[in-house]
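Peer 1: One structure, as structure tokens, below. Some questions next.
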Amino acid sequence: MEKSVSGPNIFNMKLLLLLLILTISFCYAFNNETLKVRLNVPFFKFFSKNGHHVVDEEIPKITIPEIRLPFSSSIGHGVVRTDDLKIEKFSSPKIDFKLSKTGINWWTTGGAIKLSGRWHAKFTEVITIRDKGWLNAYATGIQMNISAAAYQLDGQPQVKIGDCTVQIQKLDVEIGGSVLSWLVNLFETPFSKLVKKVINAQACSAAKGILIEEANRFLHSLPSHVDVGANFYVDYFLTQNPHATSEFTEFDLAADIVYGKSLCHPINIGNWTDASSTPGMLTSWISVSIPNCLIHSAHQNQLVKLLVSKDIPVVEPYLRTSCGFLGLCIGKFFKKLRNEYPNNHVDLFFHTYSTPYFVMSEKEGVMLNMSLAVDLFINPYAKTKQNILARLVVDTFSTVEPFLNHTRIHGRLQNSTITARVDFSNIGDIPKAFLSAFSSILSMTAREAVRSVLGVGIPIPSYDNVTLADSSTIEVFDQFLRANIDFEYK
């Protein structure tokens, strides 16, 4: 007897599989542990409660394979098969779960589905007779129990199914539309039983064999260099198999964020704390190495740069090489500028002087150390950038408040301590009076450069219409952040 696998239990299985894949998709990693993600009980409650949103979108997309039944009688033999069998109506089941040391157990209750399609039959006695009609299958009270666990293979997440049982409280199959009732009578009863058997008995093995294999192939093929916008990428690698308890499932990972094809080798600095008394749906520990990789690659690729020129009206007078007796301009401090470049302007080109870095402290908060080179050129910079006049260095020490915005962790600039010094000069000695007179321009531009670094942010994985809730919080500890994340469905 040849038969194909189908039925509403496969659809429930696909829901559970989608939820498990969604769970694992929150895990990013690379080489050395720099990130820990803990999925707490409220996380699974949320996605179990809102799983119908995923199901309602995904179930109608499922292609239902053919069901085929050979049959025979004393006068001949034949075969009947389904055609264009698809989902006409679907009622989402209720999904519950329980965490354990071995993984997670999911079960569904309720739920109903109606399948509609066509059947085609042929029967051979002396000649071959063909007939066709319609088929409806109604399944209600669908119950499925399944255990699943996640593990890593080559640093990528994988899913394995443990126990799986299915029970359908009621399943009815209707066959009609034939003009040869005697032919239908030959196969109706065994064909209906086969449809029921396929739906009721084969769902788990099909899910284990087909769905899980496909899911694991997909998960294993996920890129380890993930675009998160503006040519920044997350590199990730699962360092070990997940750890499960009755309260949470936890993933240890290593991750970095880099620009383009830059490389970074983050290290685990400090020890993670326990989750707070109100951990939220998801708790994540983020090493200072991750944002430091981000700004390291930004420095390597010269992304932090600002040009202050005469095109900015508020600073144009100060950038002149010539000005009156009572005027204040850069030329007043440098005789060489007045004599060799009269009636011109100087451009100030700001860029990172050395690799910036973050420091995180439970007592002091988040601090960003960044030194900016300020190169002086005769305007326009685009034509004279090979002839640098002088270089200043502006050292900034900024306190930063981390905050959550949409699906990213950003930093808000609080206070900055800014000092300027001379690196070299080709236009004579640079007097302290010049540094004092131009401190406002240097400070204003340096703060803008700091804000540009903080604006990139660290991405938090999200899914479809699931967003961060206002109850989400972030805390600072010695050399890492701890984020307690709640989600909401919009």
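Positions of Cβ are set from backbone N, Cα and C atoms, glycine also.
So Swiss-Prot lists these for the protein:
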type	residues	note
DISULFID	Cys164-Cys204	disulfide bond
CARBOHYD	Asn32	N-linked glycosylation site
CARBOHYD	Asn145	N-linked glycosylation site
CARBOHYD	Asn271	N-linked glycosylation site
CARBOHYD	Asn369	N-linked glycosylation site
CARBOHYD	Asn405	N-linked glycosylation site
CARBOHYD	Asn415	N-linked glycosylation site
CARBOHYD	Asn465	N-linked glycosylation site
SIGNAL	1-29	signal peptide
Peer 1: Which is it, of Asn32, Asn145, Asn369, Asn405: the one of these glycosylation sites whose Cβ has the most other Cβ atoms within 10 Å?
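Peer 2: Counting every other Cβ within 10 Å of each candidate, the maximum falls on Asn32.
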Peer 1: Taking DSSP three-state, what's Asn32 (N-linked glycosylation site) in: helix, strand or coil?
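Peer 2: Going by the DSSP assignment, Asn32 (N-linked glycosylation site) belongs to neither helix nor strand, so it counts as coil.
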Peer 1: So of all those glycosylation sites, Asn32, Asn145, Asn369, Asn405, Asn415, which one's Cα sits nearest to Cys164 (disulfide bond)?
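Peer 2: Considering only the listed glycosylation sites, the nearest one is Asn145.
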Peer 1: Compare the Cα of Asn405 (N-linked glycosylation site) against each of the glycosylation sites Asn32, Asn271, Asn369 and report the nearest.
Peer 2: Asn369
Peer 1: Write down the Cα-Cα distance for Asn32 (N-linked glycosylation site) and Asn271 (N-linked glycosylation site), rounded and given in Å.
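Peer 2: Cα-Cα, rounded: 13 Å.
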Peer 1: Between Asn32 (N-linked glycosylation site) and Asn369 (N-linked glycosylation site), how far is it from one CA atom to the other, in Å?
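Peer 2: Answer for this pair: 24 Å between alpha carbons.
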Peer 1: Run through the Cβ atoms and count how many others sit within 10 Å of the one on Cys164 (disulfide bond).
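Peer 2: The answer is 19.
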Peer 1: What count of other C-beta atoms do you get within 10 angstroms of the C-beta of Asn271 (N-linked glycosylation site), across all chains shown?
Peer 2: 10
